[in-house]
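Okay, structure first, notes after.
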Amino acid sequence: MSSTGYNSQNGGSGPPYSNGPVQGSLMYSPALASQGYNSVLPGSYPPQIPAKATQHPGHGQQNSSVPQTVPQLDGLQTVHRLSGPQNFPQLSNYPVSGQTFNRPPMGHTQVASSQHTGARPRMPSPPQNTAGEPAPADSNASQGNVHLQSNWQYFSKPQPFANHIYSSAGSISGQPSLQSNANQPTTRQYVTPFGGPPLQNSFMSQEDKMSLEIEEDASSYQFAWSKLVKETGERANSAPPGSDSSLHNSYDTIEGGGYMPSINNLASSVGGLSLHHSQQLDGLRALNLLQERNILPPTPLKAPTPCLLEDIQKLNCNPELFRCTLTNIPQTQVLLNKAKLPLGLLLHPFKDLSQLPVVTSSTIVRCRSCRTYINPFVSFLDQRRWKCNLCYRVNDVPEEFMYNPVTRAYGEPHKRPEVQNATIEFMAPSEYMLRPPQPPVYLFMLDVSHNALETSYLNTVCQTLLENLDWLPGNTRTKIGFITFDSTIHFYSLQEGLSQPQMLVVSDIDDVFIPMPENLLVNLNECKELVQDLLKNLPQMFTKSSETQSALGPALQAAFKLTSPTGGRITVFQTQLPSLGAGALKPREEPNQKSSAKEIHNLTPSTDFYKKLALDCSGQQISVDLFLLSGRYSDLASLGCISRYSAGSVYYYRSYHTQHNPVQVEKLQKELKRYLTRKIGFEAVMRIRCTRGLSIHTFHGNFFVRSTDLLSLPNVNPDAGYAVQMSVEENLTDTPVVSFQSALLYTSSKGERRIRVHTMCLPVVSAVSDVYAGADAQAITGLLANMAVDRSITSSLSDARDALVNAVIDSLSAYRSSVLTVQQPGLLAPHSLRLLPMFVLALLKQKAFQTGTNASLDERIFAMCQIKNQPLLYLLLMIHSNLYRVDNLTDEGALDFNDRTIPQPTILQLSVEKLNRDGAYLMDAGSILIIWVGRNCGQNFFTQVLGVANYETMPVEMNRLPELDTAESARAIAFISWLREQRPFFPTLHIIRDENPLKTAFTQNMIEDRTESALSYYEFLLHLQQQVNK
């Protein structure tokens, strides 16, 4: 891949710094280049990226009967337009915030050509009548005269000439070999063979002593940290000021980028792949969605199970940690293009786990070539040799690895914990350290302007900090410090021996300096009394201040200087738009934008100050977390960059006020407590590896890509999720399975260097029908959501919405044309994708992408931030809410959880048709819980659960359930408490009547019903049918 700008790879869309044309950001299109869509790449951080092999000159060219190009979500392209030849750039050719990198391809490439058949019009607006009933079948007849054709075309990824074999259907066969091990038998069978029993692990007895080798592969990717591009266009390859470039280089070497050799033959013969017949039939079973409308299951959806042998599948990684959009991996890129489904991974690598095997051995066994950690899916050729499941190299088994610490037996390396657990954590030896582990450093920055004092947030923050000081992750080395700011910056000396904290004021915000730096970050254990004294007095120290300005930028610069020597975490509390000094912002929200039904502007940062500072922080192992508490526009699009590129988190509390909005106060208390006490990893890096032939090219989440595929995470927390997009770069005809492995190297709060490894194994298929059989609709939705956020920011919201719709149209069109043998009327979908149209419609109505709404610009940006940073489990709940009836909870089918009985009501469809005024219904929308009580609800619910006499005496809104001594009250409280405990954020509870304004929010989550600006689910299906059946 040609060098592209760090600003592109890391989501920049700021000032027009040019790093040259985009070539191969995912799929490069000369056709689009001629239309001017890749002229320059905005960016300010030029990378040093290994160049990819030259692509075929015809790669990505499009032939179309209509001079149109349509928006795509990274390899998926189409659009709906009603009139006029228009040009719409591909998403992949924009500088997306999903960070795009490719490993160097293995050898020469050849490319299959792409064909376009025409353009589609944009999805129609809904009819003006807004009744909740489904539209008749001819409701879209007004558009029947528009000739529409499917033209979503995946561009082929470069394919190697070697092994360029295409199999049309059925099975995989082959007899790969490696000269040095040509006669070695396969020792582990992963998928069901066509005949005979599965092969078992076998061992050949050898008593030879093996030398201990854990040295790192020297041929890792080279990393070069690039300085910021100055406005003059100068570029420098030296390290950022104050940093050690050798330190950054060494991180890549320590984790071991590894070079995957181009091995065209494997060391063992493999059998063909045949999917279990029942699973294949169920995943492919065609459903007419227009007739099967009640398809939402009554219980939470489970991730599909890969079609592997049972003894292999039971070792696979938990899908909550590692999940693929396709549980059957297509054998070639051509097959992936034919299926028109996105291939990607969704990760939750640092999730809190109740059981996590930890290996303390000094020997960490890794492949000598690609640096893969030994895992359950490697093959043992005998007791002394194992074959890597990613690059197929045969490695020696170290002598120490022959002993199993669990069974205390010798000679059983295949039974060690590393080979029996897909998720495992290693205690890293000194070779994995570039410096002594950094101490936990926590610096708190507090806005004390007049606007901040009006909200009284300082009382909540300081009190919560006081209560949780002893629970901050760390040890005797933990350091803490405080900075407050308005138009000036206030430091606090907490030197041991002082009778009270000393405030030091710096009024020169144009040239910030650190007074007495040795006393501003102090040891928490040694100075705890001074810290407590400061937190008790801080809320009253500025009560008489009338300063309305905010110098956030200079305060951040000061915080960066203070924490640079050690690294650590900066926590910022901000209540308004920064108005002074570096990073000052101006209001950009347009007065009429809230009601705009077409385009939303100002989704991109207005300055690159916060991104540049974030990259400086990342280079010094500093992460910045932002708590924004504001009822007015604060330009979160710009401020959020400080957290995004430093691997931080963003919290947003709209209209926070202690008296006027007490619900938000409780939310801040709970979430801040979780934030302060949750596990944390410092100076972390993460790399994702995959079997040779697969390529990872785009990353989504909060981080900075330090080298081609090494993610820099100054802090890593258990509530962060990540996503990556992938392609098939070389044909997978020689292997029945592929594997994916993520490795997270971090320093614990106790000062231990650790490596958390997750490994997932999936089967390879050669028939497009098998690809559909293994499609994961939830994971696909999560990946599409991340891609759509990038599309919204780099292009426009309408193009992102169009591309989401086309993701459904083209996958169902491909299924209809490639899999169905008998063409039938209706909208047919495979059982595996039956919920995809519903999820995409929910995504279109989600705050990040909806139009014609009163959502503020900051609310929309925050919704996008959540999509990019939430693990899939929580993201899905924010996209598609769960609706329960709660006035008749019973213990039937209840869940036993921590010695409590938790009712499990059925999940209802999100339509007002499912509501009854005789009941009470709970809408779980992730960050908010709304219980709507019907006017005619049973008397028992009012008295036994709500503690009121009847509907008339019920308050317009309640925010908590009273604890009554009744079975009905206990069940309701247990259920709501359980829902809250299942997520890292605190959802607020609102119990409402018809008169409450929140009734609108309740009904807006009914995604199957029509709104003023969006189609109902039935109308959406009719629109899809119109496009698919062309």
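Glycine is no exception: its Cβ is also placed from the backbone N, Cα and C atoms.
TrEMBL has this to say about the protein:
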REGION    1-144  region 'Disordered'
COMPBIAS  7-21  compositional bias 'Low complexity'
REGION    166-189  region 'Disordered'
DOMAIN    364-400  domain 'Zinc finger Sec23/Sec24-type'
DOMAIN    681-765  domain 'Sec23/Sec24 beta-sandwich'
DOMAIN    776-876  domain 'Sec23/Sec24 helical'
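Applying DSSP to the domain 'Sec23/Sec24 beta-sandwich' (681-765) sorts its residues as follows: 0 helix, 58 strand, 27 coil. Secondary structure of the domain 'Zinc finger Sec23/Sec24-type' (364-400) per DSSP, as helix, strand and coil residue counts: 2 helix, 12 strand, 23 coil. Per DSSP, the domain 'Sec23/Sec24 helical' (776-876) is made up of 70 helix, 3 strand, 28 coil.
Mean model confidence for the domain 'Sec23/Sec24 beta-sandwich' (681-765) is a pLDDT of 94.
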